[in-house]
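> Mind looking over this structure? Questions follow.
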Amino acid sequence: MTTTKYKINELFQTIQGEGAFTGQPSIFIRLQGCPVGCSWCDTKHTWEIDPNLIIPSNDMLTKKQESEHWSHLTADEMANIFSQQGYKAKHIVITGGEPCMVDLTPLCDTFERLGYSCQIETSGTFEILTTERCWVTVSPKINMKGGYAILESAMQRANEIKHPVATEQHVDDLKKLLLDHNVKHTPIYLQPISQKQRATELAIQTCIDNNWRLSVQVHKYIGIE
Ligand SMILES: C[S@@+](CC[C@H](N)C(=O)[O-])C[C@H]1O[C@@H](n2cnc3c(N)ncnc32)[C@H](O)[C@@H]1O
Ligand SMILES: Nc1nc2[nH]cc(C(=O)O)c2c(=O)[nH]1
Ligand code: SF4
Ligand SMILES: [Mg+2]
């Protein structure tokens, strides 16, 4: 049992729509707070941590629309919510916001002891503190306005690298990053930004040219969370 409390924006069960685990029934834990500031971010409602927008843990269950409200929850409280809700998925995706602003070890450790597998979605701009078994998806944010650098330790810990792309510059940035950090064997996914047609065409061609993989945010095409 751990008493660590996490700032939670959303808890929901769905199908993982991105990267290596695409198609996997998953419970999402979305943390509040991110300072990185990607202009095309699809979860801007998680950026600010406004103490005036804190809500009771019970209200998490009835929160159906995206909002900036958040709740303070321990891993055990989350596990109780999942069983109350009758969630069946055995894979947990911890995302945000930027989840690695805090130590995720107690959270992942609790869920792994309960028989779940865990995955983190992170920008690689903060030290990744988690269990050894946890799957880490690093989605490096290069030259973002926040000026956050991608950590060498994050590049080495990544089980997969999932890079959002819309322009040739994004592809060039990724190639330089992989060279700078001597990344050779980690699976690389390109994810078209905001389902734009040109971004998708660029991602397809670049994947073919480099033997990388395509990640198309399946959930957005089939209209699930
Ligand atoms: C919202 S972020 C949260 C986790 C973490 N802050 C990160 O950036 O990895 C989750 C994933 O969505 C991707 N993403 C965010 N906005 C997107 C967009 N408009 N189009 C494609 N991917 C996007 C991110 O790159 C990341 O892989
Ligand atoms: N279905 C689904 N898959 C996802 N994979 C990564 C997501 C995220 O927002 O981090 C996400 C999400 O929001 N929904
Ligand atoms: S790092 Fe992630 S959550 Fe933060 S702004 Fe970028 S995409 Fe959004
Ligand atoms: Mg999302």
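Just so you know, the numbers here start at 1 and follow the chain as drawn.
Cβ coordinates are placed from backbone N, Cα and C, and glycine is handled just like the others.
From a predicted model like this one, the values you see are computed outputs, not experimental measurements.
Annotation comment: TrEMBL describes ILE15, GLN16, GLY17, ARG30, THR95 as substrate binding site. According to TrEMBL, the feature domain 'Radical SAM core' maps to 21-225. The [4Fe-4S] cluster binding site annotation in TrEMBL covers CYS34, CYS38, CYS41. Positions annotated as S-adenosyl-L-methionine binding site by TrEMBL: TRP40, CYS41, ASP42, GLY97, SER139, PRO140, LYS141. What TrEMBL lists as Mg(2+) binding site is THR43.
What's the neighbourhood like for these features in this structure?
Around the Cβ of GLN16 (substrate binding site), the same chain contributes THR22, GLY23, GLN24, PRO25, SER26, HIS91, VAL93, GLN119, each under 8 angstroms and 6 or more positions distant in sequence. Under the three-state DSSP scheme, GLN16 (substrate binding site) falls in the coil class.
Other C-beta atoms found within 10 angstroms of the C-beta of CYS34 ([4Fe-4S] cluster binding site) number 26, with every protein chain shown included.
There are 11 other Cβ atoms within 10 Å of the Cβ belonging to TRP40 (S-adenosyl-L-methionine binding site). Mapped onto three states, the DSSP output places TRP40 (S-adenosyl-L-methionine binding site) in coil.
Counting every protein chain shown, the Cβ of THR43 (Mg(2+) binding site) has 15 other Cβ atoms within 10 Å.
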> Sort the binding-site residues CYS34, CYS38, THR43, LYS141 by C-alpha distance from ILE15 (substrate binding site) and give me just the closest.
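Answer for the nearest of the binding-site residues: THR43.
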> Quick one: give me the count of other CB atoms within 10 A of the CB of PRO140 (S-adenosyl-L-methionine binding site).
24
> Counting distance between Cα atoms, which of the binding-site residues ARG30, CYS34, THR43 is nearest GLY97 (S-adenosyl-L-methionine binding site)?
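Smallest Cα separation from GLY97 (S-adenosyl-L-methionine binding site) among ARG30, CYS34, THR43: CYS34.
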> Calculate the distance in Å between the alpha carbons (Cα) of TRP40 (S-adenosyl-L-methionine binding site) and CYS34 ([4Fe-4S] cluster binding site), and round it to a whole number.
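Rounded to the nearest whole number, the Cα-Cα distance is 14 Å.
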